[in-house]
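Engineer: Below is a structure I'd like to ask you about.
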Amino acid sequence: MRKCFKMSLFKIIPSQKHKEKSQAAAPEDEADVVSSVIGDYGRWQLLMTFLLAMFSFPCTFHIYLPTFTVKSTKFWCRLPDNLAGLPIQDWINYSQPVDACYVRVLPDGITAESILNHTAPILDSFQKCQQWDFDRSEIGDTIISEWNLVCDRSGLTNLAEVVFLIGVGFGGVIGGWISDKFGRKRILMGMLCLQCTLAILSLFVRSYVHYIIVRLIMGFVSVSVVYAAFVLSVELVSGKWVTIAGVCNFFPLPLAYIIVSLLSLLLPNWRDLQLALSLPGCLLLILWFVLPESPRWLIGRGRTQEAKEIIVKAAKFNRREIPEELDKMLMMSKPETEAEQPSVLMLFKGVLLMRTFCLFLAWFSMTIAYYGLLLNIGNLNLGNLHVTSIILAVVEIPAIAVSIPILLKAGRKIPIFISMLVCGLACVASELFSMSFDDDWILIACLMVGKFAIGSTNMMMPIFTAELYPTLIRNLGVGASQVSAGLALICIPYLWELTALNEHLPMVTIAALSAVGGGIVLLLPNTTSINDSKKPNNSSPCNGAFTISDDKVH
């Protein structure tokens, strides 16, 4: 949810030097038309920023939902009807001494009383269990209990989330391209409509295969909604407000985590929870009549009359005077030719080869750390899942807020390195304390520090990535980074499988990757905010919000 960066619509055409100057000037002229008329930030942009941030809620709901709907709980082979009344633990001790996948063959005439007084015969033959019951004291009905995803079918639990995250990975790359081609608003509302349809449809699926198909498409659609809303929000503002508006889109994330946690307490059945979290997204469809198309995107497409209507409405809402020469300004900013299409090979030439490689590793490490902690809270076994989930969500709110002044004043590279290193140290500390203290709150405190740190990184990394690529291939560079993040997401469901080798290995892996990712960032060049530069650089992302320290190297 992190592409500020697909909005670089005007690209320098390097094939003819005499045209380069006029093409390079396009971003400056275009920025003057929009920001000079409606202002960098006003009441209209504030309203749009708030409304567009709302689109993060339904998407985050569907991403975080498996924390409760796919939570593993204790299970046992079902108690036969003729032994009704036998305490569950006595039944488990007698019939399933190894695990619940195989049950002891019961001798004829066995009774509950004989098992309780230890006079029941014990046979050494076992058979495969066919039906199970599940512990529902903390979590109600889940997809695991509905489709018996245990024992030899337990791997299917991870498969359901892998296909969703595959959809997220592809959606991150393709969604931005679709948004660039067809417009922000159209794709935003179209994907939202499809998301609502899929969410409701998932309530009626009765087979596991149909469920994972719906989850695959849902992953693609959800991240496309996030990207379209994010890009539109930052294209409606200018200057330093690009950074602020972009980061504000992340504030709904921890709030959504809290809402899911609280609702799961009230609605323990996964279908009821799914329905409750799907309905709010449907209400956002009415914003079709409120939200504008991006005027900058319209200007880039030569649709100046449509852009003018939006700019005039925004200026009136902001109580700003509309210049008489607005039509002339729009015509001057209209691009004369289509920009040259970038090539993937450009990412692997010259110094960009090192940048691409370093960013690939940094995004992979950051994604593993952030989502490894977020989506595996249930595997940490830290007391009540709902309480732990809410606590770790709350600490992300100040992490998002802190990232704004950091991005505006303290730069990018060093803060990202420090935050990733702190996350790694916090993960190591949680494992060391777990071996020395039998207190969940000590471990939760360590994880709070780690979640705070990596939450800040999650806000800063996308903007830093966009600044490191020249205008011509900035979209492509950010998309390549999302491929790396997508590969990391696919690995997340299997991260806790490492406990088969060592119980501390998952957290140590997160710590190691976080430290390595932070170290890799130090190899990248510095970038600066516009506040630190003497002259805005028109080749920077987000309409001149940032400058690139060595953009000429491409």
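Using the three backbone atoms N, Cα and C, a Cβ is placed for every residue, glycine included.
According to TrEMBL, the record shows the following:
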TRANSMEM  46-65  transmembrane segment
DOMAIN    110-529  domain 'Major facilitator superfamily (MFS) profile'
TRANSMEM  162-180  transmembrane segment
TRANSMEM  187-205  transmembrane segment
TRANSMEM  211-234  transmembrane segment
TRANSMEM  241-267  transmembrane segment
TRANSMEM  273-291  transmembrane segment
TRANSMEM  352-373  transmembrane segment
TRANSMEM  385-407  transmembrane segment
TRANSMEM  414-435  transmembrane segment
TRANSMEM  441-464  transmembrane segment
TRANSMEM  476-496  transmembrane segment
TRANSMEM  508-525  transmembrane segment
REGION    533-554  region 'Disordered'
COMPBIAS  533-542  compositional bias 'Polar residues'
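Walk me through the surroundings of each of these features.
Structural biologist: Counting residues 6+ beyond its ends, the transmembrane segment (187-205) has Cβ neighbours under 8 Å at 55, 58-59, 62, 175, 178-179, 211, 214-215, 217-218, 221-222, 224-225, 228-229, 232, 271, 274-275, 277-278, 281-282, 284-285, 287-288, 291 in the same chain.
Counting same-chain residues at least six beyond the ends of the transmembrane segment (211-234), those with a Cβ under 8 angstroms from any Cβ of the stretch are 1-7, 48-49, 52-53, 55-56, 58-59, 62-63, 143, 147, 159-161, 163-172, 174-176, 178-179, 184-185, 187-188, 191-192, 194-195, 198-199, 201-202, 205, 242, 245-246, 248-249, 291, 294, 542.
Sequence-distant contacts of the transmembrane segment (273-291) (same chain, six or more residues past either end, CB-CB distance under 8 Å): 48, 51-52, 54-55, 57-58, 61-62, 65, 68-69, 185, 188-189, 192-193, 195-196, 199-200, 202-203, 232, 259-260, 263-264, 267.
Long-range contacts of the transmembrane segment (508-525) within its own chain (CB-CB distance under 8 A, at least 6 residues past either end) are made by residues 354-355, 358-359, 361-366, 368-369, 372-373, 413, 416-421, 423-425, 427-428, 431, 454, 464, 468, 495, 498, 549-550.
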Engineer: Restricting to CB pairs under 8 Å, which listed stretch, 241-267, 385-407, 414-435, 476-496, is in contact most with the transmembrane segment (162-180)?
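Structural biologist: Highest pair count goes to 476-496.
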